[in-house]
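**Student:** Mind having a look at this structure? Questions to follow.
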């Protein structure tokens with residue numbers, strides 16, 4: 001249907017799905033949208049894919065390859081059922097770079113692990129997760145391959161686009177008031193650093209704690225332990241923003257006014273030092289509010 005409208009070969013069209021699982025797609029509505037497709041269309045597609053999202057999510061980065069400006073742009077949707085394990089929700093990235101397909105797939109697969117796969121809203125994976133990257137080669141650069149001297153430049157730009165989109169999805173979590181970033185340092189390895197970071201932002205107890213603005217740092221300790229990552233039990237450090245809550249596994253007396261000011265912010269950073277190695281990990285999420293329950297108690301699609 002879409003291929004016919006745009007005069008393309010079927011193999012050039014990818015199918016992405018979102019909405020209520022098991023609900024039959026209304027093909028008449030779908031046909032109406034397809035009829036409006038154009039290769040010269042404006043940004044309506046960014047809004048067209050939204051469901052419970054409160055805002056569109058798009059970003060753009062430009063890098064230089066072979067002296068040529070190369071643009072990498074992307075957009076995504078997602079607000080609930082967010083706990084990816086390959087991509088998340090629906091994400092679409094397009095670039096005018098000339099790049100070998102296998103090389104591009106490798107860059108995407110690697111970058112997903114520390115971008116989309118490091119966010120969570122409610123711990124629920126979607127059946128229809130998808131992140132798609134397309135390249136048309138219009139920039140005129142020499143085709144990027146694993147041997148190209150400036151492949152790292154492109155990889156950095158692609159990763160930035162994916163991280164930007166992933167953070168936008170986490171920030172727009174259904175009913176959320178606060179965006180949360182967790183950084184784990186001195187982990188035994190990157191895998192465990194990422195597991196701990198995501199375990200913290202994904203903990204319902206911690207998400208509720210942030211919503212209630214209560215300093216129950218024991219919940220962070222619990223979330224760390226649940227991942228079974230290596231940690232020095234005598235030298236664990238936990239910080240909220242710049243404020244140290246736990247140092248060398250001991251509670252630190254903090255200024256309550258300063259603490260409440262940090263909790264009241266709409267963007268919160270938690271830092272954890274495991275003192276078990278040198279690896280670092282990041283993850284992003286949001287708080288858990290009454291509004292999330294209201295949205296999902298009534299959601300029929």
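The backbone N, Cα and C atoms fix where each Cβ goes, and this holds for glycine too.
In TrEMBL, annotation is done automatically, which means it is predicted and not curated.
Copied straight from TrEMBL:
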type	residues	note
ACT_SITE	88	active site, nucleophile
BINDING	51, 77, 88, 174, 296	substrate binding site
**Student:** Fewest other Cβ atoms within 10 Å: which of the binding-site residues 51, 174 wins that one? Let me know.
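**Tutor:** Output over binding-site residues 51, 174: least Cβ neighbours within 10 Å is 51.
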**Student:** Taking the Cβ of residue 296 (substrate binding site) as centre, how many other Cβ atoms lie within 10 Å?
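**Tutor:** Residue 296 (substrate binding site) is surrounded by 15 other Cβ atoms within 10 Å.
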**Student:** When you measure from the Cβ of residue 77 (substrate binding site), which residues in the chain that are at least 6 apart have a Cβ under 8 Å away?
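**Tutor:** Correct list: 18, 49, 50, 51, 53, 57, 89, 90, 169.
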**Student:** For residue 77 (substrate binding site), what is the secondary structure state per DSSP, taken as helix, strand or coil?
**Tutor:** strand
**Student:** Going by DSSP, give the three-state secondary structure for residue 296 (substrate binding site).
**Tutor:** helix
